[in-house]
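Now, the feature entries from Swiss-Prot:
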{"type": "ACT_SITE", "residues": "ASN386", "note": "active site, proton acceptor"}
{"type": "ACT_SITE", "residues": "CYS388", "note": "active site, cysteine radical intermediate"}
{"type": "ACT_SITE", "residues": "GLU390", "note": "active site, proton acceptor"}
{"type": "DISULFID", "residues": "CYS178-CYS415", "note": "disulfide bond"}
{"type": "SITE", "residues": "CYS178", "note": "site 'Important for hydrogen atom transfer'"}
{"type": "SITE", "residues": "CYS415", "note": "site 'Important for hydrogen atom transfer'"}
Amino acid sequence: MATTTPERVMQETMDYHALNAMLNLYDKAGHIQFDKDQQAIDAFFATHVRPHSVTFASQHERLGTLVREGYYDDAVLARYDRAFVLRLFEHAHASGFRFQTFLGAWKFYTSYTLKTFDGKRYLEHFEDRVTMVALTLAQGDETLATQLTDEMLSGRFQPATPTFLNCGKQQRGELVSCFLLRIEDNMESIGRAVNSALQLSKRGGGVAFLLSNLREAGAPIKRIENQSSGVIPVMKMLEDAFSYANQLGARQGAGAVYLHAHHPDILRFLDTKRENADEKIRIKTLSLGVVIPDITFRLAKENAQMALFSPYDIQRRYGKPFGDIAISERYDELIADPHVRKTYINARDFFQTLAEIQFESGYPYIMFEDTVNRANPIAGRINMSNLCSEILQVNSASRYDDNLDYTHIGHDISCNLGSLNIAHVMDSPDIGRTVETAIRGLTAVSDMSHIRSVPSIAAGNAASHAIGLGQMNLHGYLAREGIAYGSPEALDFTNLYFYTITWHAVHTSMRLARERGKTFAGFAQSRYASGDYFTQYLQDDWQPKTAKVRALFARSGITLPTREMWLKLRDDVMRYGIYNQNLQAVPPTGSISYINHATSSIHPIVAKIEIRKEGKTGRVYYPAPFMTNENLDMYQDAYDIGPEKIIDTYAEATRHVDQGLSLTLFFPDTATTRDINKAQIYAWRKGIKSLYYIRLRQLALEGTEIEGCVSCAL
């Protein structure tokens, strides 16, 4: 007769959340209870998913019903032979896919899967969602649809949240992740900006605005002195717009604003995030970013005064908006110009204030203006970033008449994101096909996006075909291979991995241009067209420096691009062009990295067992990928690793990424503002393009989070 132990009785009566919570409790031997998380997955499916899933007699009946009742978009399915569609669904369900963690399964079923209109029952499993995404993005191409299905089911490629959530649904938001818009120094542009915030937020995107062009507080209006209210009232209007707009009630809109460090309102701008700020100026939900040029660091090094220049005067004097001026290059000229009003603050005091605000709020983000523009291969100027600080693209101004109609449609920015899982890519049978499939999938998102409510976004997307291929699971992969994050081997791998991805990404974009007979607008003026983009790859030696990394690529069967391959690619690009103005950007990957069982982006883990605060559900626990009780020493967390090794890692990747990378800096609870400033200076010297949040270890607050942009966080 079988005996029943107290432990077995307890496990059989525990629900899936209780089982998942046991990840955070050691067993009697002092080990992490990874098996309890696997039991939580089984319990979740047995007691929740299956009882709440709608069943159908066949896939054919399921598709017919979902189209007829308004769940699936028949236009997507109609582009294929129905027999192929049924085979692809069967192929997906035969893949043997299984969620690796409870949080991954829970995230998918609460946030991504198609539900009945009352929200109570599930109409999809993971394989179904993947297949609908693949069918949508392949646009009738059976081969591409199959490849996308395989890449997603294997975990090698994952589209960002808006794409993965909305593809194939009849009632959906846009497939696009994020938007960046300029605001010019006139009421028409400001009014358009508020409307754009409403329209884009309603469609599920994160939206960033450039404020640098707006005249400062006290500037003239129609030549009458001391009339302008400056940037803060505009920030207030935008914050209210984002609070009002949300995607089908799913989440509050998310917005960011960027201001140049040499704008006269910069200190008022930073003060809006102080904990004790007056309610009249306090900004609670809008994210802040500061654009800092090289000259600011030089002035701080010299302990000199830094000049803040009037955007109103710059526009009148030079015929250009403030954001289109290279302040470092023209600093002395602007100082000497008596027609440009200027005020002065101490440069070191500015950095001290910056660190104080970051200490209190985690903001602002930082974009290193001159570093970004030196690395930019596209003609034009980059003067802002996005809600997650990884999108870096050129823009151009729009003009309006008194009716707010466009007299000239400029180019604003949208970016279509998706990420590769580094561990699975290194296991890919064909890394070239993996990257090509991802680039083609993301390009489809761009091709299918037409944001008519904001014509400057539509025009920018139509001209640029810009995408952002990201990466995740770097720490997970390194740990799996016995490599410490930030070690010489880790830096060597990061450099050569991104080097290899870059060749395949550019090669795919060249093939797209050759197939379609079309490049992005402005290709002829780019460093791709001149061949200058390829100089670093033709001059430097791109081979592993460590035996460990050489062995990793050899084991994976990956051929590192040779100088001859780069020469051939350069010649092909100069002949055919490339289709995508921008190709890579590394976002902070949130929800999707849990579904993929990946470490977030390319930064280290924040804890061996991460504690997530998930709305009304409470705490959910997530074990780091590939972690066992035998390799825990490979999983040092970001706070212990410290900012320098993280910056070193990002610097290796930055050499190859044409846009930016979301880089969060982590500090122990003993950190000071001086530590933050030292890390910022180190990042600038290492060629980092932008900095995302500042995070201080606060043990009392573990399991809480500051919500950023769900779109960009994937």
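Glycine residues also receive a Cβ, built from the backbone N, Cα and C atoms like all the rest.
Quick caveat, the model's predicted, so the values are computed rather than measured.
Shown on the structure are the features that Swiss-Prot records.
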| residue | record | CB count, 10 Å |
| --- | --- | --- |
| CYS178 | disulfide bond | 30 |
| ASN386 | active site, proton acceptor | 36 |
| CYS388 | active site, cysteine radical intermediate | 35 |
| GLU390 | active site, proton acceptor | 28 |
| CYS415 | disulfide bond | 31 |
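When the alpha carbons of ASN386 (active site, proton acceptor) and CYS415 (disulfide bond) are compared, the span between them is 10 angstrom. A distance of 9 Å separates the Cα atom of CYS178 (disulfide bond) from that of CYS388 (active site, cysteine radical intermediate). Reduced to three states, the DSSP call for GLU390 (active site, proton acceptor) is coil.
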